[in-house]
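A short write-up of the structure that comes next.
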Amino acid sequence: MSVPVISILAAPDFEHQVGRAAEALGQGKLVVLPTETVYGAAGVLTQPASLQQLRSLRGSAADAPFTIHLATPEAARQYTGDLSDLGNRMLKKLWPGPVGLVFDVPAERRAAVSRELGVAEPDLYGTDGSITLRCPDEVVAQAVLGKVAGPVALTAVGGASSQSPAAGLASDLDGRVALILDAGPTRYHQPSTIIRVNGDGYQIVRKGVYDERIIERLLRTTILFVCSGNTCRSPMAEAIARHLLADASGVADADLDKKGISVLSAGAFASPGMRATPQGVEAVRAMGADLTQHRSRQLTPELIHQADAIFTMGRGHAMAALSMVPSAKQKVTTLDPTGDIEDPIGGSLELYRDLAGELRRLIENRLKERDLLPERRP
């Protein structure tokens, strides 16, 4: 009897087929699942039959610990316990996504997890005390993983072909897997990137979808302020926020980038290359911030995608950002929750100083709300 192959994305009974796959996994059978990188044979490690079959598929690497696949980033802590600031940032910024993360786990935690799950420690953790975890960014894999109790491991099958592997796998894996969920070609057609997290540093163990440059960019925290022309309100907010964050991080404003934090500003209707107004430069200088090198820039979809948090000076600016990138709704908000911040263009220095004080208060509140403003170091 040949292996059933389900064209899952076209299936009218998607949830039923997802449940069918989860049930098979719970019974100790293997199921082929799509991810955004490769297809993998999945098995639940609490099931002895699954373990045996997964090892058989892995060949020479049979005795190596498995990569555990998670439905959500938060599930990682069940295996690792507390993580470093960098580890937490990686969960937030890289997952779900084509990245496997390797964490060192203390012996006491490893033993506790092994007892709790009923899985031998060597099947979860390496001899060096590490575990490799992955949270795929693929709707079918996420749906199935979310319905399965116990740790699920995937071992790659079919390579990283740009074509759906179902036809070949159905014959190659006949009698070894219970079901194949076919979601067509994988998104990236190449393996995931593997990163080892070492406290507050990291090392790329295996290059894949993401290279060093992309990883570095993704791990940055980027804050974006938006007004109309990017010569008054938003550049003042940028300079003030950069100064606050640098001060809290114990570095000079110019060195904030080295802490993995970028503060930017843009104008929804800006003409590129304009200097900040002299009054704005003077008002923030009194706070220890510097605007002398500022040049205006126009708001773009690329800037919106890059930013983790976007604070606008008015509701119209928020609407402009969302018209470019509707999916950015969760990270776009007005800086002042009570209404628009008035444009000071043409106003006196005193007006700008008042604005600078108000911006500082609002920025501190907003950054703290989003856990973006760290406690000041002694």
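From the backbone N, Cα and C atoms, a Cβ is placed for every residue, glycine too.
The active site, nucleophile feature in TrEMBL is assigned to C227. Taken from TrEMBL, the feature active site covers R233. Here TrEMBL flags D343 as active site, proton donor. Positions annotated as domain 'YrdC-like' by TrEMBL: 15-210.
Cα spacing between C227 (active site, nucleophile) and R233 (active site): 6 Å, rounded to the nearest whole number. Predicted-model confidence for the domain 'YrdC-like' (15-210) is 91, expressed as mean pLDDT. The active-site residues in question are R233, D343, and the one with the fewest Cβ neighbours inside 10 Å is D343. Cα separation, the residue listed as 'active site, proton donor' to R233 (active site), rounded: 7 Å.
Using a 10 Å radius centred on the Cβ of C227 (active site, nucleophile) and all shown protein chains, the other Cβ atoms total 30.
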